[in-house]
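Read the structure below first, then the notes.
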Amino acid sequence: MKLKQRVVLLAILLVIFIFTKVFLIDNLDTSAANREDQRAFHRMMASLRVELDPRLDHTLQSPWEIAAQWVVPREVYPEETPELGAVLHAMTTKKIIKADVGYKGTQLKALLILEGGQKVVFKPKRYARDYVVEGEPYAGYDRHNAEVAAFHLDRILGFRRAPLVIGRFVNLRTEIKPVATEQLLGTFMAVGNNTCFYGKCYYCRETEPACADGDIMEGSVTLWLPDVWPLQKHRHPWGRTYREGKLARWEYDESYCDAVKKTSPYDSGPRLLDIIDTAIFDYLIGNADRHHYESFQDDEGASMLILLDNAKSFGNPALDERSILAPLYQCCIIRVSTWNRLNYLKNGVLKSALKTAMSHDPISPVLSDPHLDALDQRLLSILATVKQCTDQFGPDVVLVEDRMTLSHL
């Protein structure tokens, strides 16, 4: 064999060797990643039920200090949280030392300071569990139980981007009024034998107060994120106009996602994939009201999209608002880890997992059965949507590997 032929043959063999090695490494990496996804799912399932135990025997820190240290740019709490029960227990039992009107917003809420100086947001009960909110998918008052359910769904999906939430019963006469600011106290009133308040917000009206059952009011408390992590508000690229007859661009432009991909912070980094994760999360809970979203300040698109304000959810179990999924079906990309987790949750696992996760809550049952059934049906729609994308573009394009190392140093 001539030298030139030998060189060509060696070159061909070398190319084959390199491609084979790369293929094997890619397959090994993918397989390892999938195995880790499965292990993470089993760890989550094993820790679903959270016992509300106040003991923190292994540390001298307060529950508030522990929860504050959990927060990092890509998650609000870590995967393994043996102290979660103690933090949630403190949120639902610690003495209220101050009560004020809620921070700016459209819906009624109160800002409470708990013993130890921890801020929480209290959202009062407005509807019975089986009440169906008719009309637009963003209609109605906030649902306090939706905040509780959304937090546990965040745990189940493995996102860990929602602040901690738990249900709580408060006595408005003995726990709130004695420590209320004048501004909040001025909104209290009696309706029959019930104590009520209407607070201060864009849609708060004296004619539409939230009322306790006598003096006892059911609600949810959401843990305030640490002040060392200031938030930055962003307009959601798939936000609605909220004006009848006026469509947002994404509602009529089939190439809208291509335009989004060319703008910061969606042209690089994890933000667009976070948007798609959030669309999946919102579709499952029926939340069509995420017109804005928050991230940590000055993050240049690297921090997570924080899943705040999920109370416009679980309003109508019979309504599947497909437009919530627009980021998914217009961009046709999804994280591999999200795709794996969704597949682990099919065949009734999601409903069962969420029911178990919420069973410890003081206001349990948190959701009615129709809402739990709706979750499983919506999951099937999400899986079908991704299938359509992979059929059209291929799994190599649609399924994106994006695993960011998380640090709790």
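Keep in mind that glycine also has a Cβ here, set from the backbone N, Cα and C atoms.
Unlike curated records, TrEMBL annotations are generated automatically.
Going by TrEMBL, these are the annotated features:
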- ASP289: active site (ACT_SITE)
- GLN107, LYS123, THR222, LEU223, TRP224, LEU225, GLU294, ASP309: ATP binding site (BINDING)
- ASP142, ASP309: Mn(2+) binding site (BINDING)
- 188-397: domain 'FAM20 C-terminal' (DOMAIN)
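Positions of TrEMBL features highlighted on the structure.
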{"residue": "GLN107", "record": "ATP binding site", "Cβ neighbours (10 Å)": "20"}
{"residue": "LYS123", "record": "ATP binding site", "Cβ neighbours (10 Å)": "26"}
{"residue": "ASP142", "record": "Mn(2+) binding site", "Cβ neighbours (10 Å)": "26"}
{"residue": "THR222", "record": "ATP binding site", "Cβ neighbours (10 Å)": "25"}
{"residue": "LEU223", "record": "ATP binding site", "Cβ neighbours (10 Å)": "25"}
{"residue": "TRP224", "record": "ATP binding site", "Cβ neighbours (10 Å)": "20"}
{"residue": "LEU225", "record": "ATP binding site", "Cβ neighbours (10 Å)": "20"}
{"residue": "ASP289", "record": "active site", "Cβ neighbours (10 Å)": "25"}
{"residue": "GLU294", "record": "ATP binding site", "Cβ neighbours (10 Å)": "18"}
{"residue": "ASP309", "record": "ATP binding site", "Cβ neighbours (10 Å)": "25"}
Max Cα distance spanning GLN107, LYS123, THR222, LEU223, TRP224, LEU225, GLU294, ASP309 (ATP binders), Å?
19
Can you give me the Cα-Cα distance between ASP289 (active site) and THR222 (ATP binding site) in Å, rounded to a whole number?
18
Determine, to the nearest whole angstrom, how far the Cα atom of TRP224 (ATP binding site) is from the Cα atom of ASP142 (Mn(2+) binding site).
18
Rounded to a whole number, how many Å is the Cα of GLU294 (ATP binding site) away from the Cα of ASP142 (Mn(2+) binding site)?
19
Would you mind reading off the Cα separation of LEU223 (ATP binding site) from ASP142 (Mn(2+) binding site), to the nearest angstrom?
17
Rounded Cα distance, in Å, between LEU225 (ATP binding site) and ASP142 (Mn(2+) binding site) is 20
Cα of ASP309 (ATP binding site) to Cα of ASP142 (Mn(2+) binding site): how many Å, rounded?
9
In angstrom units, rounded to an integer, how far apart are the Cα atoms of THR222 (ATP binding site) and ASP142 (Mn(2+) binding site)?
13
Distance between ASP142 (Mn(2+) binding site) and GLN107 (ATP binding site) at the Cα atoms, whole Å?
7
